[in-house]
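Undergrad: Grabbed the feature section from Swiss-Prot, which reads as follows:
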type: SIGNAL; residues: 1-19; note: signal peptide
type: CARBOHYD; residues: N144; note: N-linked glycosylation site
type: CARBOHYD; residues: N208; note: N-linked glycosylation site
type: DISULFID; residues: C305-C370; note: disulfide bond
type: DISULFID; residues: C334-C402; note: disulfide bond
type: DISULFID; residues: C338-C404; note: disulfide bond
type: CARBOHYD; residues: N347; note: N-linked glycosylation site
type: CARBOHYD; residues: N362; note: N-linked glycosylation site
Amino acid sequence: MIPGNRMLMVILLCQVLLGGTNHASLIPETGRKKVAELQGQAGSGRRSAQSHELLRGFETTLLQMFGLRRRPQPSKSAVIPSYMLDLYRLQSGEEEERSLQEISLQYPERSASRANTVRSFHHEEHLESVPGPSEAPRIRFVFNLSSVPDNEVISSEELRLYREQVEEPSAAWERGFHRINIYEVMKPLSERSQAITRLLDTRLVHHNVTRWETFDVSPAVIRWTKDKQPNHGLVIEVTHLHQAQTHQGKHVRISRSLPQGHGGDWAQLRPLLVTFGHDGRGHALTRRARRSPKHHGSRKNKKNCRRHALYVDFSDVGWNDWIVAPPGYQAFYCHGDCPFPLADHLNSTNHAIVQTLVNSVNSSIPKACCVPTELSAISMLYLDEYDKVVLKNYQEMVVEGCGCR
């Protein structure tokens, strides 16, 4: 994994080169004079061309860290699924500030335990009826997974379907059930043969409930991504027990045109395929408690090595159009002296103590340096270059502790 302090360098230098006027949140007080001097020296046309090339290089470095081929340019029609926002809040600990009614899902511990990347996909709008052995309607829909990188190993996948209750006067109806079956299309329908499908998951659910249902479709998606088998889509079949044919399939929301209420909510209620994968870099997603600020006791000499505040605001560098959350984060940085003799609170190594001792008698040997000794990860929710929503864990992004090394 590329060290987190490299990303901080990229962000800081991009801010300088962009020539923004508001550095309050991004540049610490002690660094503003140097930034102003750099900007003052940047008046020539030659500097403008050089800074443009540097900016492109820095942005390329950042995009490589994110695993992106190019800078995302989100379309106005891009939709952020509520599920992904809730998953981000649960994963980052923000649900502690929200009521249980606002976040109505449980964190998928099992799926996330082997993944550092979560991706969401909406199905393509074109739907197709697929004949089956029963009279229950079977609808085929396709998810385009071509944006999943080759180096990302998919470990589990879930299909989320929204179903609404259908009001009926019969008491027997309210006590009834219906079954939802999910199939993988192994061979599509053709003029010469019927479609061949295999059952992936099934669920018996109560009629009189409105909620999201989750189905395990891992075998199909792993075949498509890892084994490079053809993706012919999925089929949904809804069978209502002891129900008239006119009501078959009315519960599950898979099409914009279905005669259901809340038509304007289609963007949030349409089927959603969620993949959990790992790109081989960093640790898996883990549900974290909300990070509380560390309070360091007052030190006699504030010039010594310690942690300083550094808030990275993505809007300052123009990346807030594709980074959904967080809007920024407290990255911190390490700065200060490592004087002889090194005190215990400076978190030094034996080598740093020896180096500082030698420096006290031979100034040609440099002092120990104030550097991060503990770094933590952050989670980011963003739109990639294909307008797909991604939740990813990035290591070594926040300084938790400093020391002389």
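Here the Cβ of each residue, glycine as well, is placed from N, Cα and C on the backbone.
These numbers come from a predicted model, not from an experiment.
What's the neighbourhood like for each of these?
TA: The secondary structure of N144 (N-linked glycosylation site), as reduced to three states from DSSP, is coil rather than helix or strand.
Just so you know, the Cβ of N208 (N-linked glycosylation site) picks up 13 other Cβ atoms within 10 Å once every protein chain is counted.
In this view, C305 (disulfide bond) is surrounded by 26 other Cβ atoms within 10 Å of its Cβ, with every protein chain counted.
Following the DSSP three-state reduction, the secondary structure of C334 (disulfide bond) is strand.
C338 (disulfide bond) has a Cβ environment of 24 other Cβ atoms inside 10 Å.
When secondary structure is read from DSSP and collapsed to three states, N347 (N-linked glycosylation site) falls in the coil class. Listed in sequence order, T373, G401, C402, G403, C404 are the same-chain residues six or more apart from N347 (N-linked glycosylation site) with CB atoms under 8 A from its CB.
For N362 (N-linked glycosylation site), no same-chain residue lying six or more positions away in sequence has a CB closer than 8 A to its CB. In the three-state DSSP scheme, N362 (N-linked glycosylation site) is classed as coil.
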Undergrad: For the C-alpha pair, I'd like the distance in angstrom between N144 (N-linked glycosylation site) and C305 (disulfide bond), rounded off.
TA: 51
Undergrad: When DSSP states are folded down to helix, strand and coil, where does N208 (N-linked glycosylation site) land?
TA: coil
Undergrad: C370 (disulfide bond) to C338 (disulfide bond): how many Å between their Cα atoms?
TA: 7
Undergrad: If you run the three-state DSSP split on C305 (disulfide bond), which class comes out?
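TA: Assignment for C305 (disulfide bond) reads coil.
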Undergrad: Counting only residues 6+ away in sequence within the same chain, which have a CB under 8 Å from the CB of C334 (disulfide bond)?
TA: C305, R306, R307, H308, C370, V371, P372, V399, C402
